Amino acid sequence: MSAVASVKDFVSSFMLTELLKGMALTGKYMFSRKITIQFPEEKTPLSPRFRGLHALRRYENGEERCIACKLCEAVCPALAITIESDVREDGSRRTSRYDIDLTKCIFCGFCEESCPVDSIVETHILEYHGEKRGDLYFTKEMLLAVGDRYENEIAANRAADAKYR
């Protein structure tokens, strides 16, 4: 390092130029419009592709959509989905057990993409919690209840996203 460079470094550090540059940047944004959102009171709009709490859907006649193909179970990278199926008298398969462990789930959306009948979907519900570990273990009945309750919202989001699928 030359003497001139070391003198420049000394003067720069002595005059606190980095500190002044930082203060100038802070001053520049101090009086601009605030963009912080106070979350529980204010909510931002969510994309139709947002991946939140899972739900199982039914057909309009009330029959559950899941045909127990187990594609979602096979494609799940976190191994969060467990499915058991039974064969009906007419030869069709339906699930007898469909469980999702949300403590394992990484919300990748592969289950939703792989489903051939749009049975498993991820809703816009992002405010859920559990007081115990078992509270985040969703059974088939719980997932169907979520799907029944939010079917109109799910259908609207699927329709808004249909041209991109």
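Each Cβ is built from the backbone N, Cα and C atoms, and glycine gets one as well.
Just so it is clear, the model here is predicted, and its values are computed rather than measured.
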| note | For the [4Fe-4S] cluster 2 site that Swiss-Prot gives as Cys105, Cys108, Cys111, the extra residue out of Cys69, Cys76 is Cys76
| Between Cys66 ([4Fe-4S] cluster 1 binding site) and Cys111 ([4Fe-4S] cluster 2 binding site), what is the CA-CA distance rounded to a whole number of Å? | 12
| said: Other than Cys66, Cys69, Cys72, Cys115 themselves, what residues in this chain have Cβ atoms within 8 Å of the centroid of the [4Fe-4S] cluster 1 site's Cβ atoms? | reply: Ile67, Ala68, Lys70, Leu71, Glu73, Ile83, Cys111, Ser114, Pro116, Val117, Ser119, Ile120
| said: Taking 8 Å from the centroid of the Cβ atoms of Cys76, Cys105, Cys108, Cys111 as the cut-off, which other residues in that chain fall inside it around the [4Fe-4S] cluster 2 site? | reply: Cys72, Val75, Pro77, Ala78, Ala80, Ile81, Ile100, Ile106, Phe107, Gly109, Phe110
| field | Average model confidence [pLDDT] within the domain '4Fe-4S ferredoxin-type 2' (96-125) | value | 94
| note | By a 10 Å Cβ neighbour count, the lowest-scoring of the binding-site residues Cys108, Cys111 is Cys108
